[in-house]
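Over in Swiss-Prot, the protein carries these features:
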- 2-219: domain 'Glutamine amidotransferase type-2' (DOMAIN)
- C2: active site, nucleophile (ACT_SITE)
- 280-426: domain 'SIS 1' (DOMAIN)
- 458-599: domain 'SIS 2' (DOMAIN)
- K604: active site, for Fru-6P isomerization activity (ACT_SITE)
Amino acid sequence: MCGIFGYIGAKLAVPVVLDGLAKLEYRGYDSAGLAAVIPERLFVRKTVGRVDELRSSLEKENVPSSLAIGHTRWATHGVPTVKNAHPHVDENSACAIVHNGIIDNFKELRSLLISEGISFSSDTDSEVIAQLFAFRYQATGDLVHSFSWTLSQLQGSFSCGLIHKDHPNVLLCAAQESPLIIGLGEKESFIASDARAFLKHTKSIQALASGELAVVGLGSEVETYNFALKRIHKEVRQVVYTDADSDKQGYSYYMLKEIYEQPEVLERLIHKYLDQQGCISEKFLNGFSIEDFDEISIVACGSSYHAGFLAKYIIESLVSIPVHVEVASEFRYRQAYIGKKTLAILISQSGETADTLAALKEFRRRQVACVLGICNVEESALATGVDHCLFLEAGIEIGVASTKAFTAQLLLLILLGLKLATLKQTLSLEEHRACGKGLFELPELCNRLLANENLHSWANDYCDEDRFIFLGRRLMYPICMEAALKLKEIAYVEANCYPAGEMKHGPIALISQGSPVITFCGDPVVYEKMVGCIMEVKARQAHVIAVASESQEDIAAVSDAQIYVPNSHPLVSPILYTIVGQIMAYTMALKKGYEIDRPRNLAKSVTVE
């Protein structure tokens, strides 16, 4: 949830670290800080708020250092204050650490250190790392062995960086079930939670695997070990992103830019995985066999869970294989039945979602037939830990509320359904080609939808509302769930979603005169049922905003306002309706004057429980 950055090289370290932290703010922005080694001591500066606050506090400082670490925080242990901000130092200010993750046994370690006479200055779990390392280092005088020993005492998921005032040429770092990437430049090196933070300097990286530490020296010298200090050889690879991918490119917000990038992202995946006849290409999950499993278990969090929920409807209708969808944070503690012939599908934009990675461990423990990952980051823990991985290829997504990554997930899951139908021969060639034709048309339909002025202006009439009800059925229900989540995330509106058929079982009691109800009517199989539900809430004087296909103009007779979506193949329509929900949330947040890219209390990558 936090962002770590470190630099060692010939440049002045502080400006490099500040720039790197600015690229990591999507991971947390409660507070920020940095520490640098200057002659015979550490320089430490911390502020509450965003990286710009930290930068402003350093404008008049001259920090002659070539080694520094920095941190931008999303609070888990301890409220956002200067004392709880990172970096944390030991009681003698000899070493400084930055940390992302949670130390599960910090209370025991803290009590042990206090019994040794060591004083703590913060409420965080992270300070334990600095104090424990200093305690060991004082006894042994060995920097690397003390670091290794400290790591062996920690329980939990974490990544960290450490510097010491007496070692101005060494940057230590480690990862345990939390991402940390090393960047290798010309006589300089970087560490970061995300490689995007140092792309302006280098595209050569090494990703630390769980249970690995690195000793980074001047001149791009990197030695990698496991926590027991057994040397590990790691290959250097090149990342494909460019620093320009992180720019807004003329848009007011990253979220808006990423909404408008969706047609291109979808078109790229469609042309990669469909042949000219509209059939699924052999390159899609090449070597994948359906004979190994008889059920599917999908596990994810947040928006990715909604994508998995839609996949359940699609796959079960195309292939007649039972599909179970679980929230990862519940799955890991539920003691669910998991058969040996299960295909496990784990979905995570970042590939670092803590609960989803815990589910991966559980599936491995249960020895399921196959584990498939769907994510956007090739060097992520999810991508490297599964049997097969489908990459979103959505490019960098910086807006905290997922847009293009989510629709790419939907597309890959639709393609997965078609792949399974091909392998099981449950779809005729004509039906398959009709689906393919619908997919080929999708990017242009997205562009048409994005040009709909009625959609962009809807918030003008509803920006004073503080509660919405979303209703959908079948394929539209998971998409309504996602639309409601988007309104919560960035417009801070209480938006509740229900299957339309459940209204009479309780939620209809919430309806009073003028209650805004948004209905997604795009599934033709249940269109008449949706009309019936609209009439039910209208009878209770609700104000109904109907989102429907262009061919469903009769919806105007039973609703108060309408947003029309281009006609499309039923399998494709959920993606178009998703974009409607994104624009609704964006325009509402814009009208209310909220910070769209960095909504309160949220972070892009949820790397802790």
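In case you wondered, yes, glycine gets a Cβ from its N, Cα and C as well.
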DSSP-derived helix, strand and coil totals, residue by residue, for the domain 'SIS 1' (280-426): 64 helix, 28 strand, 55 coil
In three-state DSSP terms, the structure that the residue listed as 'active site, nucleophile' belongs to: coil
C2 (active site, nucleophile): tally of other CB atoms within 10 A of its CB: 29
